[in-house]
């Protein structure tokens with residue numbers, strides 16, 4: 001009898017079709033899994049017999065990771081799916097210099113494609129309104145017939161006006177043509193008449209320069225811009241700006257300068273005539289206050305606290321008399337990032353890094369505890385802007401989570417929320433124009449969004465004319481008469497080295513006067 005080893009016995013078993021128990025269980029499990037996925041062998045067609053639609057394909061599973069339909073494509077760890085090339089590609093760490101392909105880079109590419117697509121849509125001839133056949137005359141007719149309720153009528157009127165704004169690039173005139181503007185805009189703040197705009201530009205060698213641009217509007221929608229010759233340079237950072245009324249309305253500008261290296265910070269009160277091209281001999285009162293690291297500032301227009309301004313610092317608020325220099329200090333528990341005075345009463349509203357919003361009544365002096373807080377309420381994140389409406393019972397507050405809420409300060413409860421704003425950690429202001437019933441804010445994604453102040457509906461999203469960047473967030477100004485009494489309502493946008501103008505369409509403006517009167521009567 002021939003003697004065999006274990007290898008021969010194994011080959012004999014496979015030749016005769018013998019399988020062990022675990023092999024039979026594994027084969028049975030694979031068969032059941034295939035039948036559950038594709039059906040039984042009697043009803044399942046072969047791969048060649050299947051139609052192209054029924055064959056399993058990778059491109060029907062998922063687009064790029066940033067798209068909304070990414071849930072239908074299997075996501076492989078360490079890979080991303082390119083819908084155009086119909087294949088997976090490997091993702092590498094962000095610190096890899098040879099091929100830095102990361103999810104962040106892919107998201108930036110998708111966002112840039114979306115921005116370019118929106119710019120193309122805005123430049124193309126578009127309808128006169130988001131809805132076909134919608135215009136101010138038709139809306140006014142429907143309102144007279146009782147087919148539109150008051151709130152819907154006002155919102156649609158604003159929607160028609162905002163949708164008609166077209167982008168125009170402005171050329172800044174200057175007497176010194178040999179040195180054009182080569183520095184990026186960082187911040188622009190308009191005066192109450194929006195005839196002058198205070199500008200802050202970053203300088204390439206460090207620091208910044210600031211000056212005033214004069215605007216002159218025309219009833220046909222044109223706008224001329226002239227830059228003052230007297231520009232001032234500083235190696236310090238400008239944290240906050242507001243217009244101040246010392247000798248007359250908007251006669252001065254209040255600046256909060258942050259100290260750098262051996263240069264201490266301060267708060268400067270500069271006369272606007274200092275930047276005039278006429279070079280006056282006596283520009284007016286010029287003051288500098290030793291207040292370092294001020295995050296915010298505000299000027300009081302109430303007669304009971306005449307020529308008084310406030311500054312928000314780390315864990316305290318300082319209220320200063322600009323003439324006498326007398327100060328009143330209030331201790332708080334957090335950094336004060338936003339401030340604004342009420343007009344009817346000398347009450348200062350403050351927004352803190354902790355998310356707290358509280359008010360200070362300047363008439364209640366000498367209290368050492370926190371009983372001087374007239375009202376207080378909280379957001380979930382750091383406050384970046386506070387704006388008081390004409391009805392001073394209501395206040396708008398924005399935070400670093402992108403939340404914008406309208407608060408009733410009498411009951412300290414939010415009564416409305418404006419959705420769509422994007423912010424994570426930037427100091428972004430709010431812009432309110434109650435004459436037009438609009439609220440505007442520029443997000444950290446560099447999109448300018450416009451809401452209806454009445455019902456909180458998002459009316460329009462305007463993309464930045466330049467690619468988005470952390471240091472390239474546009475700064476905007478909106479006015480009902482941009483450039484003075486002859487100007488039209490419109491939006492002024494400064495981004496990089498360019499200045500853009502978004503006026504109301506002239507067709508809307510012709511019928512907008514009657515419509516606006518009817519809207520005010522409805523309100």
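Backbone N, Cα and C atoms are what each Cβ position is placed from, and that goes for glycine too.
As recorded in TrEMBL:
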COMPBIAS  1-11  compositional bias 'Basic and acidic residues'
COMPBIAS  18-28  compositional bias 'Basic and acidic residues'
COMPBIAS  33-44  compositional bias 'Polar residues'
COMPBIAS  45-58  compositional bias 'Basic and acidic residues'
REGION    1-75  region 'Disordered'
REPEAT    376-417  repeat 'WD'
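When Cβ-Cβ distances below 8 Å are used as the criterion, the repeat 'WD' (376-417) is approached by residues 337-340, 342-345, 349-359, 423-430, 432, 434, 439, 441, 443, 451, 455-456 of the same chain, each at least six residues removed from its ends. Mean pLDDT, taken over the repeat 'WD' (376-417), works out to 95 on the 0 to 100 scale.
Secondary structure of the repeat 'WD' (376-417) per DSSP (helix as H, G, I; strand as E, B; remaining residues coil): 0 helix, 25 strand, 17 coil.
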